[in-house]
Amino acid sequence: MSIIQNITQMKNQIARAAEKAGRDVNDIRLIAVSKTVNAARVQEAVDAGICDLGENRVQELMDKYPLVEGARWHLIGHLQTNKVKYIVGKVALVHSLDRWSLALELDKRAREAGVVIPVLVQVNVAGEETKFGLAVPEVRDFVTEAAALTGISIEGLMTIAPLVENPEEVRPVFRELKRISEGLKDIPGVRMEQLSMGMSNDFAVAIEEGATMIRIGTAIFGSRK
Ligand SMILES: *Cc1c(COP(=O)(O)O)cnc(C)c1O
């Protein structure tokens with residue numbers, strides 16, 4: 001299938017999942033994950049109505065940034081502190097704030113540039129050793145302290161669920177992220193309106209559990225080599 005057909009099908013599936021959950025489809029943002037996809041194909045997706053693109057590596061984002069027109073960029077992968085300087089002013093949202101040193105660097109670079117960088121705090125809900133993200137018990141203190149940094153604005157949480165065959169298996173992971181976010185809404189200066197969760201294999205379940213952003217690569221661009 002073509003990218004355009006994939007996007008049409010994806011939008012239909014998002015609408016169906018939203019309806020099933022009794023949610024407004026406009027509250028769910030589709031982020032097309034364009035890692036490993038060349039700029040021409042990414043532009044095809046944007047021309048077909050994609051407004052948000054996600055990359056997990058800074059270098060790749062930087063390479064495509066000047067070549068693709070008409071979309072917002074999201075940094076969804078692990079971010080090295082020495083790369084922060086390259087993305088300030090280019091990225092609409094950093095989904096992967098996962099440690100204090102990164103919070104400080106984002107804050108510093110943002111203030112130097114006179115901007116505020118919107119971020120999501122990445123939580124390793126399932127406690128997988130191979131994944132980045134804060135452990136669940138660390139989240140509240142982290143968010144409380146990060147909320148005092150004026151260069152970043154905390155918009156919500158992000159998680160990557162374990163890769164499973166049946167997406168029902170990760171429903172508790174999504175439900176837990178939502179529960180954690182509800183419990184943080186009393187912290188002053190924190191918005192907690194966004195939940196970035198759900199990928200090609202599990203987005204429908206994530207939407208049912210409250211995702212406001214889903215990150216879709218394979219189902220739009222095909223499988224990566
Ligand atoms: C690659 C990636 C995705 C998209 O994965 P698909 O299974 O191809 O939809 C989503 N989120 C992150 C953080 C990724 O690195």
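Glycine too: its Cβ is placed from the backbone N, Cα and C atoms.
According to TrEMBL, the protein carries these features:
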- 8-224: domain 'Alanine racemase N-terminal' (DOMAIN)
- Lys35: N6-(pyridoxal phosphate)lysine (MOD_RES)
Stretch-averaged pLDDT - the domain 'Alanine racemase N-terminal' (8-224): 97
Same-chain residues at least 6 apart in sequence whose Cβ lies under 8 Å from Lys35 (N6-(pyridoxal phosphate)lysine): Gly54, Glu55, Asn56, Arg57, Glu60, Gly77, Gly217, Arg224
